[in-house]
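If you look up Swiss-Prot, you'll see G88, 91-92, T96, 98-101, 116-124, S128 marked as 5-phospho-alpha-D-ribose 1-diphosphate binding site, on the strength of sequence analysis. Annotation source Swiss-Prot lists anthranilate 1 binding site at G88, N119, citing sequence analysis. Annotation comment: Swiss-Prot describes S100, E233 as Mg(2+) 1 binding site. According to Swiss-Prot, the feature anthranilate 2 binding site maps to R174. Among the features that Swiss-Prot reports, Mg(2+) 2 binding site is placed at D232, E233, with the record citing sequence analysis.
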Amino acid sequence: MSETSIQPLLDILFQGKALTREQTASLFSVLIQGEMNETVMAGMLMALKIRGETIEEISGAADAMRAAAKPFPYPESSRSQGVIDIVGTGGDGFNTINISTTAAFVAAAAGAKVAKHGNRSVSSKSGSSDLLAQFGIDLTMSPELASHCLEALNLCFLFAPHYHGGVKHAVPVRQTLKTRTLFNVLGPLINPARPEFMLLGVYSAELVTPIARVLQALGTQRAMVVHGSGLDEVALHGSTQVAELKDGEIIEYQLTPADFGVPQAHISELEGGEPAHNALITQQILQGHGCDAHTHAVAINAGCALYLCGLSESVKMGTALALSTIKTGKAYELLHKLATVSSQSQE
């Protein structure tokens, strides 16, 4: 479609009406092909934001992004077990340690297949990719090498800009608007590995159930969409609102640290810093030398991932498995193995 042919779709939007999934996919296909005027793009994104994006519209935008992504060669040996992503939208306004990224190493060391889709920082000083770079992990490794890492090590990291080149066309508009748009929730939905399982944190409690419905529409098998007392993670400092997708149904409930078998901590205990500082904290956690608050925050998130993958019968049992895995040092060994294997792409 050209910019001229999408005008009828824009007219629907500007009248305050909702688009279908297919119509939204058409609009976003034009955008990521670089064929949409920046003024038109800004108007489209703001029209969606002001009315409030529907499940169909978010799903359609994700469809377009997934279709245009660089393909990821899913290893056949992982298909029977299934793959999980542990990811957050970012944008929660807190500068915490890298909980979900560290949890990915723990879950993988405990037996889960983890394909983590990540980017540079959104709201904190250190996003998942910022952290990984500190350990010498090559973010631009080929899809084939990433697939090998997933098969051999149970873990790979997929750097979003490496797979979704078309997103660059929206960057100037997003920077000019300086407000959240649909793009702020799209990142976790467009993992090129298309994981069967998702632990997805969102920056607002209002997004928990809608994003669970989007995952349902996109065909995700099992998922927990969470918002933890202000964080886009499972919370150690308070309650966590959950929408769990299981057997095609969505169940809503709350979890507290007690449900995981760990004590509550204050949010200030989870404060992070620059990538180098956060890397040191991650290293300490994975070596089994982290402080209790840091270790528990990572374990409860890894525990939920292990529960979703079917490696534990409950989030409490998953947390116990995560804690015991940390003590073995296997997660720290995995960190070094991934750095070594990823460096092959630089040779």
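Note that Cβ sites are derived from N, Cα and C of the backbone, with glycine treated the same way.
Note on proximity: of the binding-site residues S100, H117, R174, the one nearest D232 (Mg(2+) 2 binding site) is S100, by Cα distance.
If you take the Cα of T96 (5-phospho-alpha-D-ribose 1-diphosphate binding site) and the Cα of E233 (Mg(2+) 1 binding site), they are about 10 angstrom apart, rounded to a whole number.
Cα-Cα distance from H117 (5-phospho-alpha-D-ribose 1-diphosphate binding site) to E233 (Mg(2+) 1 binding site): 15 Å (rounded to the nearest whole number). Of all the binding-site residues in the list G88, S100, E233, the shortest Cα-Cα distance to N119 (anthranilate 1 binding site) is found for G88. Just so you know, of the binding-site residues H117, R174, the Cβ with the fewest other Cβ atoms around it within 10 Å is the one at R174. The Cβ of G88 (5-phospho-alpha-D-ribose 1-diphosphate binding site) lies under 8 Å from the Cβ of S100, P188, L200, G201, V202, Y203, D232, E233, each of which sits 6+ residues away along the same chain. Under DSSP, H117 (5-phospho-alpha-D-ribose 1-diphosphate binding site) is assigned to a strand (E or B) in the three-state scheme. Secondary structure at E233 (Mg(2+) 1 binding site), taken from DSSP and collapsed to helix, strand or coil, is coil.
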